[in-house]
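Student: Here Swiss-Prot flags 1-318 as region 'Ribokinase'. As annotated by Swiss-Prot, ATP binding site applies to ASN195, MET196, ALA197, GLU198. Look at Swiss-Prot and you will find ASP264 tagged as active site. Marked as region 'Cytidylyltransferase' by Swiss-Prot: 344-476.
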Amino acid sequence: MKPILPDYSQSGVLVVGDVMLDRYWYGPTGRISPEAPVPVVKVENNEERPGGAANVAMNIASLGGHAHIVGLTGKDEPAEVLKNTLGALKVKCDFVELDDYPTITKLRVMSRGQQLIRLDFEDKFENTDPELVLSRMEQALPNVRSVILSDYAKGALEHVQSFIQKARAANVPVFIDPKGADFERYRGATLLTPNMAEFELVAGKVKSEDEMIEKGLALIEEFDFEALLVTRSEHGMTLLRKGVEPFHLPTQAKEVYDVTGAGDTVISVLAASVAAGKPLDEACALANAAAGVVVGKLGTSTLSTIELAEAIHGSQDTDYGVISEAALVEAVKRARAKGEKVVMTNGCFDILHAGHVSYMNHAAELGDRLIVAVNTDESVKRLKGPGRPVNPTDRRMAVLAGLGAVDWVVPFSEDTPQRLISEVLPSILVKGGDYKPEEIAGGAEVIAAGGEVKVLNFEDGCSTTEIIKAIKGGRG
């Protein structure tokens, strides 16, 4: 299965769980300490990254999704670092800051690619008032399409059953990265993502794939889950659902450097993909591809839609299909770095017909990459009037993404794509019809940047308006 990337900018995901800050100190080792038989590290640089549930939220943001995070922290400097780092990625931080606890922080000392020691600064959050989190969840739920509960057994999910019930009552699916052998506490969740060790801790040792499937389905029945996604390291992943054939995905990892944060990536891509409208099996395929990318990186890592598209389609088909605006800008930068000429056009494309296909083919011939910017439903309605569009945005974009001439499809909500074109600045801007180049939205900006503006003729006899009239008249 090679799924087309969804438009992650349409996905809103609420992350609730154990928030952490990962710190890294890097430096060479050249001698043993005279004080004790340990290496001396000369620290030359350092790095700070969101970890745990914060890494999950960062993964969603890196895809262009809208992440809202609720978690427990202290009133301290690490909490401020997390808020600033996540805020810069447009993650909405809603932390419960407690006086008597430190923000969970893990410091790793690294030398020559090896971790020498890890220092943990933490106290488990215990006996906290569940309303502190529930009230924040209640405010966030109307604005999200999925919920992730990220459990590292640090206390933020002490009242996890209340959180599950709150989300399910709002008809929002709940995805959980579990911790420990007690799956009873996760009863009623939509899907759990245990790794093989976590699975066997609950179900017992398995000797074959058939036995794993049998035990997994039994867990689904016992704890009222809708599904389990068992991550199996070099054996890939297996999606188990009641009444549906098991769906197995082989691993896509080429090299494994570090599995830190891989589970965070799996659940973030899975939940964001479902929130963006993907069915569960396609969302799992995207999560599997994402895991194959991040295990090839050091430490807690995120990935971009460009990297995810390359993992699915190969480097020659980078970011094929529907893409967010932020990811498109990055994809265009990469295309330019390769010396590729980028062509851009736009329109409503409500009912795709032969004239559109011919137009796309001609536009694609002008360069190496073709972007199609598509008016959202609200924009089409303002431009075309009541009754339009006939097809909603996601379907129009999916059809365009299926054309061989088209590389990227991106939505825009304004009446014209002038702002979007100014951000992208294609090598060639193309419009169909009898426009003059100076009349085309975004044309002045493209020309000022050294690009070209071209007008292409539409094929005679092809018109969306005429097709709609023919359908209403019962002809054709």
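Glycine is no exception: its Cβ is also placed from the backbone N, Cα and C atoms.
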Student: Near ASN195 (ATP binding site), how many other Cβ atoms are within 10 Å of its Cβ?
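Tutor: A 10 Å sphere around the Cβ of ASN195 (ATP binding site) contains 19 other Cβ atoms.
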Student: Go through MET196, ALA197, the listed binding-site residues, and name the one with the sparsest Cβ surroundings, counting other Cβ atoms within 10 Å.
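Tutor: Across MET196, ALA197, these binding-site residues, the one with fewest Cβ atoms within 10 Å is ALA197.
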Student: Using DSSP reduced to three states, classify ALA197 (ATP binding site) as helix, strand or coil.
Tutor: helix
Student: Tally the residues of the region 'Cytidylyltransferase' (344-476) by DSSP class, grouping H, G and I as helix, E and B as strand, and everything else as coil.
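Tutor: The region 'Cytidylyltransferase' (344-476) comes out at 53 helix, 26 strand, 54 coil.
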Student: Measuring Cα to Cα, tell me the gap between GLU198 (ATP binding site) and ASP264 (active site) in whole angstrom.
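Tutor: Cα-Cα distance, GLU198 (ATP binding site) to ASP264 (active site): 15 Å.
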Student: Count, for each of the recorded positions GLU198, ASP264, the other C-beta atoms lying within 10 angstroms of its own C-beta, and report the residue with the smallest count.
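Tutor: Comparing Cβ neighbour counts within 10 Å for the recorded positions GLU198, ASP264 gives GLU198.
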Student: Taking Cα atoms as reference points, which of the binding-site residues ASN195, MET196, ALA197 is nearest to ASP264 (active site)?
Tutor: ASN195
